[in-house]
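Q: Please find one structure pasted underneath; my questions will follow.
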Amino acid sequence: MADHSASGAPALSTNIESGKFDEKAAEAAAYQPKPKVEDDEDEDIDALIEDLESHDGHDAEEEEEEATPGGGRVVPEDMLQTDTRVGLTSEEVVQRRRKYGLNQMKEEKENHFLKFLGFFVGPIQFVMEGAAVLAAGLEDWVDFGVICGLLLLNAVVGFVQEFQAGSIVDELKKTLALKAVVLRDGTLKEIEAPEVVPGDILQVEEGTIIPADGRIVTDDAFLQVDQSALTGESLAVDKHKGDQVFASSAVKRGEAFVVITATGDNTFVGRAAALVNAASGGSGHFTEVLNGIGTILLILVIFTLLIVWVSSFYRSNPIVQILEFTLAITIIGVPVGLPAVVTTTMAVGAAYLAKKKAIVQKLSAIESLAGVEILCSDKTGTLTKNKLSLHDPYTVAGVDPEDLMLTACLAASRKKKGIDAIDKAFLKSLKYYPRAKSVLSKYKVLQFHPFDPVSKKVVAVVESPQGERITCVKGAPLFVLKTVEEDHPIPEEVDQAYKNKVAEFATRGFRSLGVARKRGEGSWEILGIMPCMDPPRHDTYKTVCEAKTLGLSIKMLTGDAVGIARETSRQLGLGTNIYNAERLGLGGGGDMPGSEVYDFVEAADGFAEVFPQHKYNVVEILQQRGYLVAMTGDGVNDAPSLKKADTGIAVEGSSDAARSAADIVFLAPGLGAIIDALKTSRQIFHRMYAYVVYRIALSIHLEIFLGLWIAILNRSLNIELVVFIAIFADVATLAIAYDNAPYSQTPVKWNLPKLWGMSVLLGVVLAVGTWITVTTMYAQGENGGIVQNFGNMDEVLFLQISLTENWLIFITRANGPFWSSIPSWQLSGAIFLVDILATCFTIWGWFEHSDTSIVAVVRIWIFSFGIFCIMGGVYYILQDSVGFDNLMHGKSPKGNQKQRSLEDFVVSLQRVSTQHEKSQ
């Protein structure tokens, strides 16, 4: 605790005029236990900052900034045709916008008609269009009309659903639009980035994405700008007055004013055509999956047709009959509704996520989020509240806590716009240090250098009321200690006590801030440590437990010290295997073999004292081990990791750079929002997966049955009934996008070998059931079989096929037995209506002009339910079968040693490369 002995560093001036200060009251207030500051307590911080600004000249400086950028940092007249005292006027802005247009890349407006026509393009659609041509050639205008209607129905439904869902997402995306702060009409204004025009004076600071090309005009400017998206440079580039900055680059450090020299297509990015729209609705891997499925089904159709043609030519069937057989196989062989249903499911899911404050930047992000196995999460704001509160300080012998607090507050921002959470916490706690609070405004800030992520310090140069020049430092304790040690030796007992206190605070979960000062040209003085805590969010522990049940591993990556990270991780139930990121040894040192580095990262619960490169390395290593990785971030430095991750997640309050790099942007705080979105994405993926299995099984079912029936018995279903089977299969399941699908308790991804294996098995079971139905109608018993006594063979088969196929979706949509999950009313209602319609077809003999007895209909319903139960049993047994999965994949344990050797080589190469870069 604080040592109040008289010896030690002389205190700063905290003198107050006689009679103006109640010392007893102050002592009672100063040394009573400091309670944590409540989350919603903002007390008179803004008023206090305004008071500080007015005393040290910052207020005047900001007013001057509104007139002349940077308080005297005037833009040269020969560089700009802009009034340097007021920026552009409203009239000039209008004129320049009329001349140069909006600051955005010219994009061809999406032609809705062409987009609609796109729903008629693809392997599956081409087959159906070929079937329509074939029907027209046979002059079967009924089938021609029905096939065209089916194609049109799928296109209309897909287009309308995607358009409506896209509109919802676009509306919310508007809240993510990049902003720009410009000087106009004498004031600094925040505007939308597209509204920037040439000649605008733009204010940029850490975290800003520069919206247009420009030239720095601030006299003493020092910016570090990330241009990696343009030039591939991995390190930030230093920029000074007169240097050019480019659109889409991100400011990593510093602040300055920039005059805009080019906008829109005239920027470097525009000319190079290198800007990729991160918010495109790319469909990603699932489009490749669908095209692959369509191609394979097309091959199966061709194979089945070869069998049909050979058998037909062998029997010398008429060409018209052969064409009718061809038309039937073509219609049932490819699921025309597959692309529309899957795209609709994704679009509706994106709209649903948007309503839950998760903005999907591209549809493929839903698919990748559903498969995420490891979440690399930052600590502050995601796992914790990002609301710091101070606790009792540790002071070096002879240092007054009031003096420590005053020095720490002097090394704090005095601008409302630039104040960070740490500075805000210090100013809030000033009420417990009345003497420091009363004199703080008497000190004038001459220079202020915000937190530097490399030196891990904040530095301020101030002038005391007596005119003394004082340098105040606040930052990471060991870095502050190093600053003092570089100036002069520190007594061993002071040094050891200081380090012990840092370790003690860390084990208790506190984040420590060291405080030091230098008077004039004197020596540096170490004052002490101020502990603060960013407590875990109230829901984080529960959410972490839920994440574990969902098969999601969370690794915490934080810049805090190991002790703090380990204690926070313990409180949250994440585990205590937290290590210093330097142990990875990827910065040029380290002797751990590459494969052991990979094992180390895989086994760790998180890493502390991380830099941006460490985050990138961790994500890359986990990906190379075969994991799908999500990464959360909010700052400029997180952008490379967000891009590298399979799913980049920008958390609430993220910088423009992080939002641009992310796949999903969250507008709600905390880990709970991410886990909620993950569950929703798994539901969406499950709907797609269930429908794909269902639809492939249906195609295989009828290809097997009709192919064999034609080849063996030279018979086929009435072509009109075949068309309606295809219609019913698609119409009944269009509502799958709105189903109450269960979400998997484990990460999900496209398991194509297993998907095909399961679909083929279900298709075979369906085909066997239909074949049994046919054989009973050929039976020669006492009653002569169903067909002679009860109705028409084609109508009975039509009903049996329709019922068993429609009910299959109830099996594939469930994770367990089909009764374990209740389907939505939309899906149940659609299937029920189709079943009733199919029954009416059969009873009244539509297209066959032959009635079917109600007895036969009841028998078919009962028989179909039996087939449904068998399919349900097969699916339930095999869906979680490791043996079946391995059989489909042909997995082998060989090759692991080869992988580890490759990992050793990659890490060795990376270390050599890093050492070479450092030696340059």
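Cβ coordinates are placed from backbone N, Cα and C, and glycine is handled just like the others.
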Q: Are K241 and P747, as annotated in Swiss-Prot, on matching sides of the membrane?
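A: Yes, same side.
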Q: I need the CA-to-CA distance for D634 (Mg(2+) binding site) versus D378 (active site, 4-aspartylphosphate intermediate), whole Å please.
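A: Pair distance, Cα basis, whole Å: 9 Å.
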Q: Check the transmembrane segment (807-826) against each of 116-138, 292-314, 322-354, 688-713 and return whichever range has the most CB pairs under 8 Å.
A: 688-713
Q: In sequence order, which same-chain residues at least six apart have a C-beta under 8 angstroms from D638 (Mg(2+) binding site)?
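A: Non-local contacts for D638 (Mg(2+) binding site): D378, P612, K615, M631, T632, A658, A661.
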Q: For the topological domain 'Extracellular' (714-720), what's the mean pLDDT in this predicted model?
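A: Here the mean pLDDT over the topological domain 'Extracellular' (714-720) amounts to 81.
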Q: Is it the case that the transmembrane segment (721-738) and the transmembrane segment (688-713) have 3 or more CB pairs under 8 Å, with pairs at least 6 apart in sequence?
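A: The answer is yes, given that the two segments have at least 3 Cβ pairs within the 8 Å cut-off.
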Q: Going by DSSP, how much of the topological domain 'Cytoplasmic' (739-754) is helix, how much is strand and how much is coil, in residues?
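A: Its residues fall into 3 helix, 0 strand, 13 coil.
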Q: Counting only residues 6 or more past its boundaries, what in the same chain has a CB within less than 8 Å of a CB in the topological domain 'Cytoplasmic' (739-754)?
A: 285-286, 289, 292, 367, 370-373, 549-552, 628, 679-680, 682-687, 689-690, 813-815, 820-824, 826-827, 884-885, 888-890
Q: Where else in the chain does the transmembrane segment (755-779) make close Cβ contacts, counting only residues six or more beyond its ends and a cut-off under 8 Å?
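A: For the transmembrane segment (755-779), the sequence-distant neighbours (Cβ-Cβ under 8 Å, at least 6 residues beyond its ends) are 296, 689, 692-693, 696-705, 708-709, 785-787, 793, 796-797, 800-801, 804-805, 808, 811-812, 860, 863-864, 867, 870-871, 874-875, 878-879, 884, 887-888.
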